[in-house]
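Undergrad: Before anything else, here's the structure in question.
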Amino acid sequence: MKTKTYNFRYIVASVLTLLMNGSSAATPPNSNSSSSCNRTFGGISIPFPFGIGGKDCYLNSWYEVVCNSTTSGSCKTVPFLTRINREVVNISLPKSDFFSPYGVVHIKGPVTSLGCSSNISQGLQKTLPDLNITGRGSPYFLTDENRLVAVGCGTKALMTDIESEILGCESSCKDTKSNEVGNSLCNGYKCCQARLPVERPQAVGVNIESNNDTRGEGCKAAFLTSMKYFPSNITKPEWFQADGYAVVELGWYFDTSDSRFRNPLGCTNLTRSSGSYFLTDICLCRYGYFSRMSYRSCYCGSGYRGNPYIRGGCIDIDECEVPNKCGEDTCVNMAGRYSCVPKITKPAKLAHVLRGVLIGLLGLLFFVIGIFGLYKFIRKRRRIIRSMKFFKRNGGLLLKQQLTTKDGSVEMSKIFSSRELEKATDNFSIDRVLGQGGQGTVYKRMLVDGSIVAVKRSKVVDEDKMEEFINEIVLLSQINHRNIVKLLGCCLETEVPILVYEYIPNGDLFKRLHDEYDDYMMTWEVRLRIAVEIAGALSYMHSAASFPIFHRDIKTTNILLDEKYRAKISDFGTSRSVATDQTHLTTLVAGTFGYMDPEYFLSSQYTHKSDVYSFGVVLVELITGEKPMSRVRSEEGIGLATYFLEAMKENRAVDIIDIRIKDESKQVMAVAKLARRCLNRKGNKRPNMREVSIKLERIRSSPKDLDVHTENEEEEEEDQLMEINRIYDS
């Protein structure tokens, strides 16, 4: 029955405690460290959650401390806990170990005496009212440090709760050596003690009953006290009765499970299974279960001291303040701990400083290298993205597809990277320029494999004709003729496409013919060989290639000379291929005045005979050494072709032959006759390039068997001259 009663009362008290603490925890203790709160008086420290003063100085009324009104308002000696009406001896916070999971407050408790007064009829006397720590929200409980003590001969002490449940001890009057007064133990002789039950009561009273020992008369005293404050070698009850009180130890705690209270503290939540928390945490709170009471208490971690129940209340302990903490070594205080560092001599100190400087410089160096590497990476990434964008826009994917589907073409051409060509041309430096034309700029440079190439960078690109442009690249990459400049590859990763050709060292034919060179190499034999080579190359393009190709811009500036003055046709910027069943192309007029076919100029229909006409103008240049357009003839309204045909008509062709080749007039006149046929106004009356090539080969190989008599074609030539003059005059 006793156990059931305790259990029921304990459960009710615990529930009330949780309810009260839950309500008080709703508001974090934000202002408890206010300067208006007095934290000491009477030499006693009053840490939060206890407090004196306004309501913000303590957690709730259970922790309120006031001064005893009986002392005329003085708060120096008698601080009281108002809710239990007890004078405070001292207050301590929970210690940082699992064996002290609660705080402690020592109070003054009553002393019950019997027979100590001159007026024996007074019976039992109590110096103070019985202790009662019950009530809604009470955080207090009796700790197991307390004992029920009875002092005096034959004293029978009884401890009762509100319902008079009895627990006690009885002292003896037998004087034996084992029970000598001086043995400092309260073990039965004139003094006995009893432990409190596991289920400690919240309200207690102490009574004294007499036993049958005749020697038990006299002064008797009984009280509840903390054994820390009990002088066990004193067995005179008068002493305790005169003192008027005994020190009782109360444990206290409050529930911080509500995160609204715990989180503002900044404490770490722990359980018994927590590991090495004390090495790193400043403030800790833990949940526990003690004497059927659930609690949560907070404390400062290892290396810290102070009050964990206020934010920032745990302060680092400076262990180095202890003398000789590290012996001869240097003590260095750290957060929550300390370290002993061997003393550094001057050389070692200098080395240490130098080491620190070196580490700093290395760190700075690595930082700079890292930033530079990141910059290079971002720049490279942007360049790759930009190159891929241009590659797709310039038809790179289509070119790759076509190169891989055509037999052998992959080996005959190459797709260069923009990085490779930028490096080869010093980022397209002006110092590397070979020449500039209407289609773009040509640069000379050596590739990584040591080969010298000509890099042509286009000026503009027509995106609508990109597919046609890619088809032409594929086609030109398959041309393999000794008198045609070889297209080595291209680069499509730039804003405008770049073409890479084989490098031809001796420049173009135009400069060799018309600039003031002391060039003894431009003999008639060389000129005739150049004509034969160009005619053969054009014949190959018109008939022998996979698809007929019309150059559309045959002129002496597009005829290059290698180191042995062998001719090579270049600049296919306006070239077009046609299907084998096509006879002409209808395009916008493109070409160079002075070389342009008048029939193409009027009809916009370009045929292979248009290339024949342009080649005829080149033959006239080789014969006369004249430019296709000159200031004198321009004022007269005629070009080189008209000028030549007039001279042929008037039988004065010899007069316009270049003075440097007049000694070869017979061969020259044979070529002049062929040139006149190439310049026929009607394209269908012109020879094709195969016929022209065969005729030139015959002239070159059989110079003695030439028939150079001019045929009577005056009427037809009259028509030609009139038509040509009309075109150029317009």
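Every residue, even glycine, has its Cβ placed from backbone N, Cα and C.
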Undergrad: Among ASN21, ASN132, find the residue to which Swiss-Prot assigns the annotation N-linked glycosylation site.
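TA: Swiss-Prot annotates N-linked glycosylation site at ASN132; the rest carry no such entry.
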Undergrad: Quick one: which of 51-108, 283-340, 457-514 does Swiss-Prot have down as region 'Atypical EGF-like'?
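TA: Among 51-108, 283-340, 457-514, the range Swiss-Prot annotates as region 'Atypical EGF-like' is 283-340.
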Undergrad: Hey, which of ASN233, ASN427 does Swiss-Prot call N-linked glycosylation site?
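TA: Per Swiss-Prot, N-linked glycosylation site applies to ASN233.
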Undergrad: About how far apart, in whole Å, are the alpha carbons (Cα) of ASN68 (N-linked glycosylation site) and CYS285 (disulfide bond)?
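TA: Distance (Cα to Cα, whole Å): 34 Å.
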Undergrad: Identify, among the recorded positions CYS331, CYS340, VAL442, the residue whose Cβ has the fewest other Cβ atoms within 10 Å in this structure.
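TA: Taking CYS331, CYS340, VAL442 as the recorded positions, the minimal 10 Å Cβ count falls on CYS340.
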Undergrad: Among the recorded positions ASN90, CYS326, LEU434, GLY440, whose Cα is within 10 A of the Cα of CYS320 (disulfide bond)?
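TA: If one measures from the Cα of CYS320 (disulfide bond), the recorded positions that come within 10 Å are CYS326.
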Undergrad: Could you pull the average pLDDT for the domain 'Protein kinase' (428-699)?
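TA: A mean pLDDT of 82 is what the predicted model shows over the domain 'Protein kinase' (428-699).
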Undergrad: Which residues in the same chain, at least 6 apart in sequence, have a Cβ under 8 Å from the Cβ of ASN90 (N-linked glycosylation site)?
TA: ILE44, SER45, VAL105, HIS106
Undergrad: Among the recorded positions listed here (ASN38, CYS285, CYS326, CYS331), which has the Cα closest to the Cα of GLY440 (ATP binding site)?
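TA: Its closest listed neighbour, by Cα, is CYS331.
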